[in-house]
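Handing you a structure now.
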Amino acid sequence: MTAFDYDVLYIGSGHGTFDGAIPLAAKGKKVAVVEQDLIGGTCPNRGCNAKIVLDSPVALKRHLEEVHGIVTGDVAINWAANQEHKHEVIAGLPDFIQGLLDSSNVDILFGRGTLVDNHTIKVNGEEKTAENIVISTGLQSNRLDIPGSDLAHDSEEFMNLSEMPARVTVIGAGYIAMEFATMASAAGSEVTVITHGDQALRAYHQPYVELIISELESKGVKFVRGVEVEAIVGGANGLVVRGADLSVDTDWVLDATGRNPNVADLGLEEVGVKYNEKGIEVDDHLRTSVSNIYASGDVIDKTQPKLTPTAIFESTYLMHTFAGETTDAIDYPVIPSVVFTSPRVAKAGITVSEAQANPDKYTVVENDLSGDWYRQVDKETVGKNTLIFDQDHKLVGATEVSNKAEDVINALLPAIEFKFGATELERMVYLFPSIASQAWGQL
Ligand SMILES: Cc1cc2nc3c(=O)[nH]c(=O)nc-3n(C[C@H](O)[C@H](O)[C@H](O)COP(=O)(O)OP(=O)(O)OC[C@H]3O[C@@H](n4cnc5c(N)ncnc54)[C@H](O)[C@@H]3O)c2cc1C
């Protein structure tokens, strides 16, 4: 039998890797991780963690605006201080994660990894072999293929802005576009959002998305919908974003037109790993078209949301597979998702449109949260939720738009995932008063 350098070798060190690689090595497997950039990947360094620090004063500002009169005085976000705070919170994360990898005896190979054959990866000119390889290379920001695209910036550059520009134009309609438009507007920028189609956040309940857009518009954000951006040009007074019948003067452009899988120049074609524009193709064991090469995290072509919890679930599943603890196919749980706008929109399970298309299977209950006494504590002005039940009156889906939508959906998750009936629900005792206690309040 050939002796390999490692049992498992991962390319990429994000959540698609480290949540599984650390316990796998702790179980005695010989594990290595190849990383060309910061340890921990996108989420801790230039995604979730960075963003939520920057969003914290944005959410607080909204709260203070709602209780204005009870709390008095002007509120403004000092973006430079916010940026400094973000740095304090996240700067230590790569070392922290590296410490976890080191202490479990995971080897870290710094450099760009490429496949040489189905058992070999080349890093910095050196070849390392492994019985199994996991490709977990994530996504990178799309760049519009238009004249002047180099004048636009991506989400990472936005999160590193030391000063918020006076005028920001956001191109895109996904969660990054909507969240960053919210932040820029709250930080005092004049914001224009240009969307290619007519809808934003297409995966979410559209009446709730429209509520978010109205809130943003009431704060002065301009939405220009159904426009194809054709060029970005330098002007006498900053930049101009151009399309048919469109000309927006601006200082800074965020290209939030999507994220593409990191599959280029990895040696996938040479080794026979199949992929398409949505990512690497895998079977229900996360195995690629080459039987000992797996994929994990955002780089996979999948229907589940490309988010951190999905990547963690996949890397943990692979850990159990490589440890010989399961041969089962991956069985995804209900994966919730949220957009950190002001207010937020969050969802889990069966969607409203799916339920409405199958009235024989589902009952849809909509609640206007303005009647809920607990929401009035914070003088919350916008809030609705929709609960979806199956024929046995078990909760199978929920979506909410409110300042605390993520907490409400988290509170409902166990019931959706484990299909709680009346007996289990009676045993769900929440702290009172708290937002979780109100998640079921409407029933
Ligand atoms: C702005 C932004 C905000 C986000 N907010 C949220 C959020 O609020 N909640 C949430 O759940 N998710 C959020 N996400 C998504 C989340 O960050 C990803 O789902 C998660 O990071 C996926 O982990 P991953 O390991 O698959 O990929 P990544 O974390 O992207 O890791 C891939 C790693 O592979 C490395 N790599 C690539 N190619 C090579 C190579 N050839 N050799 C060596 N190394 C290589 C990269 O350097 C990178 O470190 C956000 C993403 C962005 C961009």
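All positions are counted from 1 along the displayed chain.
Every residue gets a Cβ built from N, Cα and C, even glycine.
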Pick from G92, G258, G267: which one does TrEMBL list with G172, A173, G174, Y175, I176, A177, M178, E179 for the same NAD(+) site?
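The one candidate that TrEMBL places in that NAD(+) site: G258.
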Other than G172, A173, G174, Y175, I176, A177, M178, E179, G258, which residues of the chain come within 8 Å of the NAD(+) site, judged by Cβ distance to the Cβ centroid of those residues?
V170, F180, A200, L201, A256
Of G174, I176, D298, which of the binding-site residues has the most Cβ neighbours inside 10 Å?
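Going through G174, I176, D298 one by one, the largest Cβ count within 10 Å is at D298.
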Could you give the Cα-Cα distance between G113 (FAD binding site) and C48 (disulfide bond), in whole Å?
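Counting only the Cα atoms, the answer is 25 Å.
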Given the binding-site residues G172, G174, M178, G258, return the subset with CB under 6 A from an atom of ligand 1, ordered by sequence, or none if empty.
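Cβ under 6 Å from ligand 1: none.
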Output, ordered by sequence, the same-chain residues six or more apart from G258 (NAD(+) binding site) with a CB under 8 Å from its CB, or 'none'.
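Residues satisfying the criterion: S141, N142, G172, G174.
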Per DSSP, G172 (NAD(+) binding site) is which: helix, strand or coil?
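Where G172 (NAD(+) binding site) sits, the three-state DSSP reduction gives coil.
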